[in-house]
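Asker: Below is a structure I'd like to ask you about.
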Amino acid sequence: MKTMTQLNIAVVVVVTVLIGMLRSSEAQLQMNFYAKSCPNAEKIISDHIQNHIHNGPSLAAPLIRMHFHDCFVRGCDGSVLINSTSGNAERDAPPNLTLRGFGFVERIKALLEKVCPKTVSCADIIALTARDAVVATGGPSWSVPTGRRDGRISNKTEATNNIPPPTSNFTTLQRLFKNQGLNLKDLVLLSGAHTIGVSHCSSMNTRLYNFSTTVKQDPSLDSQYAANLKANKCKSLNDNSTILEMDPGSSRSFDLSYYRLVLKRRGLFQSDSALTTNSATLKVINDLVNGSEKKFFKAFAKSMEKMGRVKVKTGSAGVIRTRCSVAGS
């Protein structure tokens, strides 16, 4: 009798495990996840991008940056979009204070809610808009499997601790990327998104005027480039508003020129310069520069798809928010 009871318990355990495994496999991200529940979802997003990105081409960079910042905090769950009246949400953290595109994503969400209420997650909207925005700038496309669910927790401190700041050295970059399951090649390739977009002198002034107690100017910065910035752009330590192109002369084209600038010590951020301080990442950069744009596009797309899978919530985990900015919607 005891043996039979033990056998029955063992069978129950095995069946429970198998059911759990089955549910887990069913809950994974998949291509065309909304094919039945909201068949036009991806077209609605793509059309909105195409209809608006040409009037505001500078929006492509913020949308891909938003995807990056979302995935690095609690996974790709749309929590970066949540508003907080107490100022404690992810978007209140220093790395996100200059983040743009919140209203753009909210408008797409409103369009989808009219057609398919409570169906398409904010997390999926971020992932799809990032891809479609890059394509609109002439960059690569990549597969975006969908089925992400939205998180309801958005924490300022977690964002501060997990999003790599522009002042990061190589050790910090490696650690923060590793925490998300991303390797050194991913680090270099995802940094390639700096080929589009702009920043401000606030992100550069310390490198130009107040780098350390012993050195005023960052020695890793090309001296001619620094002199040009001081003369024509960031004319004082207090200039926080002047716009700087991430990839001067090519900031609206998705290409390899960012890596060429990094090799010339003309990357805007300390984190850009940090990529050349490690032999492994330096080799990846040189291989990219000496290769074709097609090869770069393919590799970048692979890393973007990999990042888009970081710690996603699927199946019964998470929720589908009706308003991306409201945690309890």
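Using the three backbone atoms N, Cα and C, a Cβ is placed for every residue, glycine included.
Keep in mind it's a predicted model, so treat the numbers as computed, not measured.
In case it's useful when we look at the structure, here is the feature table from Swiss-Prot:
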- HIS69: active site, proton acceptor (ACT_SITE)
- ASP70, VAL73, GLY75, ASP77, SER79: Ca(2+) 1 binding site (BINDING)
- PRO164: substrate binding site (BINDING)
- HIS194: heme b binding site (BINDING)
- THR195, ASP247, SER250, ASP255: Ca(2+) 2 binding site (BINDING)
- CYS38-CYS116: disulfide bond (DISULFID)
- CYS71-CYS76: disulfide bond (DISULFID)
- CYS122-CYS324: disulfide bond (DISULFID)
- CYS201-CYS234: disulfide bond (DISULFID)
- ARG65: site 'Transition state stabilizer' (SITE)
Asker: Relative to the Cα of CYS324 (disulfide bond), which of the recorded positions CYS38, ASP70, GLY75, HIS194, ASP247 have a Cα no more than 10 Å away?
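Answerer: Among CYS38, ASP70, GLY75, HIS194, ASP247, not one has a Cα sitting within 10 Å of that of CYS324 (disulfide bond).
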Asker: Where does HIS194 (heme b binding site) sit in the DSSP three-state scheme?
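Answerer: The three-state answer is helix.
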Asker: Cβ within 8 Å of the Ca(2+) 2 site centroid (THR195, ASP247, SER250, ASP255 excluded): which residues?
Answerer: ILE196, MET246, SER251, SER253, PHE254, LEU256, SER257, TYR258
Asker: Would you mind sorting out which of CYS76, CYS116, THR195, CYS201, SER250 (the recorded positions) have a C-alpha within 10 A of the one on ASP70 (Ca(2+) 1 binding site)?
Answerer: CYS76
Asker: Would you identify the secondary structure of SER79 (Ca(2+) 1 binding site) according to DSSP, in three states?
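Answerer: It is helical.
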Asker: Using Cα coordinates, what distance in whole Å links the residue listed as 'substrate binding site' and HIS69 (active site, proton acceptor)?
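Answerer: Distance between the two Cα atoms comes out at 9 Å.
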Asker: Please list residues from the chain of CYS122 (disulfide bond) whose Cβ is under 8 angstroms from its Cβ, counting only those at least six apart in sequence.
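Answerer: Same-chain residues close to CYS122 (disulfide bond) (Cβ under 8 Å, separated by 6 or more) are GLY78, LEU81, VAL105, LYS109, ASP150, ARG321, CYS324.
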Asker: Spatially speaking, which of the recorded positions CYS76, HIS194, CYS234, SER250 is closest to HIS69 (active site, proton acceptor)? Use C-alpha to C-alpha, please.
Answerer: CYS76
Asker: I'm trying to understand the geometry here, so how far is the Cα atom of CYS38 (disulfide bond) from the Cα atom of SER79 (Ca(2+) 1 binding site), in Å to the nearest whole number?
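Answerer: Their Cα atoms are separated by 22 Å.
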Asker: Compile a sequence-ordered list of residues in the same chain as ASP247 (Ca(2+) 2 binding site), six or more apart from it, whose Cβ lies below 8 A from its Cβ; state 'none' when nothing qualifies.
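Answerer: Correct list: HIS194, THR195, ILE196, SER257, TYR258, LEU261.
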